[in-house]
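All remarks here apply to the structure that follows.
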Amino acid sequence: MIVSQGGCLDVVETLIQHGADIDLGDRKGTTALMLAAKCGQYDTAEYLVSKGADISKCDNKGLNSLMAACQNGHLEIVHLIAKTKMDINSSDNDGFTALRFACDGGHNDIADFLIQNKAEVDKADHRCWTPLKSSCFNGTFATFKLLLENNADVNKQDKDGWTPLMSACQHGHDNIAELLLNWKAGLPKECETESSFDSTTSKKYEEIVTCLIQNSADVNLVDTDGWTCLMSACQSGHIDIVNLLISNIIDIDKANSKGKTAFSIACSMGHTRVAELLLNRDADINKADSDGWTPLKIACRAGHKDTVKTLLRNRANVNIEDKDGWTPLMSACAHGNREIVQCLLENKADVEYTAHDGSTTPMIIAKAMGQRCIEKLLRKSLEGSIGDDEDDNQENDKDNEESGKRLGQIKLTIRKSSSNDIDEDDDDESNNLLSGLLASMLENDDFNPGCPVS
């Protein structure tokens, strides 16, 4: 086998003449003919075939000599093996055919030869990927065009429901996507996973989006989680794609399965320019999700100061409460966001607002978190004076450090003293006792995420 790989034909002949097993495989099942085909040793391959080498024999992965030649682009050896009665459409253990190997390797001359010799262009592997689907994924345009011209199915879905068009869109292969659309590739009528649009919004693929819209793609499709292409674009912050989509959106305030809209998603990511664009198209600035969290509450919790300012400038309800009675100000206090707290106070956030437990207020939260700087701001607001001292930034940093230490101590104490396990997924933010409040803050998002909790 080693001499087959190296092309030492005279040595191969000598070994065969002295009784060497021509079809003997190594521990991987690889035969001499497979190695010759893989390495492009035509003379050796021709001799082995003439001496009756088994051309259909496969290695442990189901790979035969024809596949090995196709995979490595050896056209002459492909011609040699194809002259025999071998099944040109046989597949390996993963369902890959000789044509699939040729297409994946970009060997168009071999792919064309195989197709002319009745290779099945739509034969799929075990994931239901056809050669066309694979070429759309890889972006091999010449191979894709060859398959298209030989009537490959442009709408065949894989096991995950993905079409060739969706793969081309996902990977930014605009020339392939455009040709598929010109070839009348079907656009999805319903969407269980991602639509072609969702596939394009992971990167700046404005040309593909424009092409899809021009071909009457439905921009209002949702997946099983209720996500639209607009939501995906807003999450990624692709303002140009958002701008393309909103002119074709029927309901800009459409919510997903968790009640989140494209606008609230943009705010959660701090994509202020995207949020402004949606506001200009009359997005509902106060629409809450399933937990009662408004875009303002979400932006405050995430610490997106510029987004918060934009929302307040556009008259977001500063005192709207979530399902637990927590306001944006409470979340900002829990996170130690001094600048956001000040913005909220300057826009008449209610310092004395009490949560549904009847005791939790912004001041209690600030004290519990050791946020002295925020306590000072809250007191000034109660006194009718909101200012910003020179040392507030430095003091706030110290507060955050102290808050982190305190949270670590409290969490350890709560775990030792509690007779019941704390539910890690519990979103309840209000309890009657201060320890309950802190436990709740520790187990959900309303605490400073930078604290070193042990």
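Positions of Cβ are set from backbone N, Cα and C atoms, glycine also.
Here is what TrEMBL says about this protein:
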type     : residues : note
REPEAT   : 1-27     : repeat 'ANK'
REPEAT   : 28-60    : repeat 'ANK'
REPEAT   : 61-93    : repeat 'ANK'
REPEAT   : 94-126   : repeat 'ANK'
REPEAT   : 127-159  : repeat 'ANK'
REPEAT   : 160-182  : repeat 'ANK'
REPEAT   : 225-257  : repeat 'ANK'
REPEAT   : 258-290  : repeat 'ANK'
REPEAT   : 291-323  : repeat 'ANK'
REPEAT   : 324-356  : repeat 'ANK'
REGION   : 384-431  : region 'Disordered'
COMPBIAS : 395-405  : compositional bias 'Basic and acidic residues'
COMPBIAS : 421-430  : compositional bias 'Acidic residues'
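Residue counts for the repeat 'ANK' (324-356) under DSSP, split into helix (H, G, I), strand (E, B) and coil, are 17 helix, 0 strand, 16 coil. For the repeat 'ANK' (160-182), the DSSP-based tally of helix, strand and coil residues reads 16 helix, 0 strand, 7 coil. Across the repeat 'ANK' (28-60), DSSP classifies residues as 17 helix, 0 strand, 16 coil.
For the repeat 'ANK' (127-159), the mean pLDDT of the prediction comes to 95. Note: the repeat 'ANK' (127-159) comprises 17 helix, 0 strand, 16 coil (DSSP; helix = H, G, I, strand = E, B).
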